[in-house]
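S.K.: After the structure tokens below, expect a handful of questions from me.
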Amino acid sequence: MSDPTEHPEILQDPSSSAPVQGRTDLPPGWLEVTSMDMDAQGVARRPDGKVVFIDGALPFEWVSASTHRKKNNWEQASLTAIHRESPQRVRPGCPHFGLHAGACGGCKMQHLHVGAQVAVKQRVLEDNLWHLGKVKAETVLRPIEGPAWGYRYRARLAVRHVEKKGKVLVGFHERKSRYIADMEVCPVLPPHVSAMLLPLRALIASMDARDTCPQIELACGDDVTALVLRHLEPLSEADLGRLRSFAAAHGVQWWLQPKGPDTVHLLDEGGPQLNYALPDFGITMPFKPTDFTQVNPHINRVLVTRALRLLDAGRTDRVIDWFCGLGNFTLPIATQAREVVGIEGSEALVARSRENYRKNQDDRPQGQALAPATFVARNLFEMTPEMLIADGVADKWLVDPPREGAFALAKALADIHQARIGAEDAPALPASAEGWTPPQRIVYVSCNPATLARDAGLLVHQAGYRCVAAGVVNMFPHTAHVESMAVFERV
């Protein structure tokens with residue numbers, strides 16, 4: 001394996017036992033925070049062992065907290081005082097972040113140094129792998145990190161005209177609330193988009209449709225910024241003129257969404273197309289604002305390069321890219337492998353991935369053609385051993401599922417292995433299984449450590465694989481979202 005290195009900030013072996021009761025030598029009411037949970041709450045224990053989840057508290061702090069919810073064996077509380085502060089506590093970079101009334105809920109970890117955020121996420125990944133999948137990676141991959149601010153190239157901004165306040169709000173929701181935060185800036189958005197928040201509020205306030213525009217979706221490419229306006233009623237000519245004036249003043253492209261996602265269309269045809277580049281592979285990916293693309297393009301470029309380095313596909317390899325989307329991994333794989341198959345659940349995305357493949361093939365320099373690629377639409381949540389075998393032998397797999405994970409895929413692989421070793425209750429295999437071999441290596445990119453752990457448990461304990469490496473990808477700094485990557489090799 002190339003590239004795995006030990007991360008220096010792992011707190012302890014995830015298979016070890018955590019303390020089951022809190023300290024008894026602190027003053028009454030004080031709590032020692034020992035870790036953070038998946039919602040970025042500090043975790044402490046009372047002397048009787050009862051777990052307390054504390055908003056705003058950090059590991060290794062001594063705190064007091066006000067309980068607002070009680071259950072038999074746990075409580076939820078909010079931080080009221082810090083008696084010993086963590087050296088990793090920092091001043092938040094956004095005035096709208098915090099525990100105060102009306103605070104924005106878009107970020108949860110701005111009070112924690114970004115390096116420590118990564119360590120917490122690594123611990124969350126390892127804990128999930130061990131406790132849910134009974135899997136411990138042989139090696140910890142170096143975390144993938146990038147800019148902590150101005151990284152969020154995709155966002156869904158809620159919009160509401162609040163008559164009582166006499167203003168329009170545009171932004172994320174408040175913490176634990178359906179109300180929209182009164183945001184003037186947002187430092188995780190690109191600077192030019194953050195600077196547009198107040199002008200967007202003024203724009204919507206000036207429109208006839210101010211009460212029927214509930215959302216603006218942001219999609220930034222390398223050179224184009226697109227805004228998708230959801231409107232519940234037809235827009236007047238005056239409103240269309242206001243949108244055009246805003247676009248000219250701020251250098252953005254307006255798209256309109258009168259109904260469902262299929263109705264999204266440009267306000268005015270023509271103009272440049274949204275795209276992002278993967279320069280390590282000479283690939284350019286055109287996309288529409290409603291297509292799924294990664295929120296953080298800086299991290300995505302590193303992620304694709306790292307994933308392909310770990311996959312290590314060569315000119316003799318046939319590779320399957322499961323949940324291929326627009327071809328974010330498929331097209332780079334086609335620069336290295338003999339053949340690649342991209343399989344995706346959405347017919348529309350399959351059509352878009354074919355278009356992207358053709359465009360990039362046409363634009364390749366002479367002598368650097370992409371390997372043959374096939375794109376297939378299939379429900380990947382209903383996979384069977386027969387379907388897996390019908391896809392043919394692949395030397396390596398790249399798996400990049402949504403939050404639901406790739407359970408059906410892992411289960412089909414496990415069923416085949418169990419049948420071949422003669423396990424009791426294993427399903428019978430079709431005659432076509434003879435000669436079919438599972439992939440030698442699987443690189444699994446995950447946006448949910450719980451479903452990764454579940455699938456890893458199947459691969460390791462039932463499908464004949466070992467987890468040779470795993471690590472986090474800090475795709476969403478300052479949030480509790482844990483993106484990760486794991487590598488499995490056949491035993």
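One-based numbering along the chain as shown.
For all residues, glycine too, the Cβ spot is worked out from N, Cα and C.
Summarising the annotation, Swiss-Prot assigns active site, nucleophile to Cys447. Annotation source Swiss-Prot lists [4Fe-4S] cluster binding site at Cys94, Cys104, Cys107, Cys186, citing sequence analysis. Look at Swiss-Prot and you will find Gln294, Phe323, Asn328, Glu344, Asn379, Asp400 tagged as S-adenosyl-L-methionine binding site, backed by sequence analysis. Under the heading compositional bias 'Basic and acidic residues', Swiss-Prot lists 1-10. If you look up Swiss-Prot, you'll see 18-81 marked as domain 'TRAM'. If you look up Swiss-Prot, you'll see 1-28 marked as region 'Disordered'.
Each of the listed features needs to be described in terms of its position in the shown structure.
M.R.: In the three-state DSSP scheme, Cys447 (active site, nucleophile) is classed as coil. Around the Cβ of Cys447 (active site, nucleophile), the number of neighbouring Cβ atoms within 10 Å comes to 20.
Listed in sequence order, the residues of the same chain lying 6 or more apart from Cys104 ([4Fe-4S] cluster binding site) and placing their CB within less than 8 Å of its CB are Cys94, His96, Phe97, Gly171, Phe172, His173, Glu174, Arg175, Ala181, Met183, Cys186. Under the DSSP three-state reduction, Cys104 ([4Fe-4S] cluster binding site) is assigned to strand.
Using a 10 Å radius centred on the Cβ of Asn379 (S-adenosyl-L-methionine binding site) and all shown protein chains, the other Cβ atoms total 9.
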S.K.: Using the CB centroid of Cys94, Cys104, Cys107, Cys186 as the [4Fe-4S] cluster site centre, which other residues of the same chain sit with their CB within 8 A?
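M.R.: Nearby residues not in the site list: His96, Phe97, Gly106, Gln110, Phe172, Ala181, Met183, Pro187, Val188, His478.
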S.K.: Determine, from DSSP, whether Glu344 (S-adenosyl-L-methionine binding site) sits in helix, strand or coil.
M.R.: strand
S.K.: Looking only at C-alpha atoms, tell me how far Glu344 (S-adenosyl-L-methionine binding site) is from Cys107 ([4Fe-4S] cluster binding site), rounded to the nearest Å.
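M.R.: Distance (Cα to Cα, whole Å): 31 Å.
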S.K.: Sort out the sequence-distant neighbours of Cys107 ([4Fe-4S] cluster binding site) for me: same chain, 6+ apart, CB within less than 8 Å of its CB, listed by position.
M.R.: Cys94, Phe97, Val188, His478, Thr479
S.K.: Considering every residue in the domain 'TRAM' (18-81), what is the mean pLDDT value?
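M.R.: Reported value for the domain 'TRAM' (18-81) is a mean pLDDT of 91.
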